[in-house]
């Protein structure tokens, strides 16, 4: 009964709508009702999380994708990333030089004391320089941890703002059931990222670093197995979360949209079977569905672009930090004490874990939007 009521409304719409407007919409593909979606909250969040940068105008970007005017230039992106890498590397040179200076001084003290076989002086000089090194590493790593945590928080804020508008567009073109199920799944992912990555994984990485530094104060090895266990648990937790989210979204993407697609196909066939006006009514219905899919895809692609903008620079910075620490370990290995070498290596490993955590967080949201955007095109051809 609901279907026949809908067909009646569509019939009235076709009878009273001027033909020129209908054909103009079908031929030119104008999609004006994307303005009916609320972009203000999304834009407000973008301006908050990217202050001082060239913020993207979300609504204009969606409009540009719909009209075909907006293009993504790989050359421009690569130039921006290259400039970011150079700038970040230059800013990190000072930090690594300070660390290397402390390590070299410690090595000189230790080797000089060993010449005179004065173990007490050697140990005292080691502890003094180790405490100084501990302070420098802790200060530097706090900056890295803050960068990782803030990046994930910005991703969460953007996703929370994007979700209502994005899934409203999905409900229009794919059905309320599909939109509701994917909406609930996305909220679960947002909660998982907030709890597991920000509140659990990142603090565990901080504890991992502290235990690594503490383990190398004395010559005896007391905590290396515990730190190895923590590293394995962190990596496997991130891999498991990624596999679970991708698998869940893939299964949902194969099953859920098919239900609403069946209803849509039945509606199209029913409207096309009406004598006289069936072809026109079916054409208008397909045009409306197609326009809805276009708007939905434009919002989804714009969301993916914003995610890339949010995480690109932090990921580059974290990568540069990890590379610089690795280079420092390679440079100091011939001249320094094994404990200091293990200490520096632990910082490098912890930075790598932070980089991996932020990368997984970005991939979770990126894959989720990509799968949903693709799977909700199901049955568009009718």
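Even glycines carry a Cβ here, placed using N, Cα and C.
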TrEMBL record, transmembrane segment, of the ranges 62-83, 128-149, 260-281 the matching one is 128-149
Here TrEMBL annotates transmembrane segment, and of 96-116, 327-347 the range meant is 96-116
Students should find that the transmembrane segment stretch in TrEMBL, chosen from 34-56, 195-217, is 195-217
Ranking 161-183, 237-259, 298-324 by Cβ pairs under 8 Å to the transmembrane segment (128-149) puts first 298-324
Sequence-distant residues near the transmembrane segment (195-217) by C-beta distance (under 8 Å, 6 or more away from its ends) are 127, 130, 134, 137-138, 141, 145, 148-149, 152-153, 156, 223-224, 226-227, 230-231, 233-234, 237-238, 241, 339-340, 342-343, 346-347, 349-350, 353-354, 357, 360-361
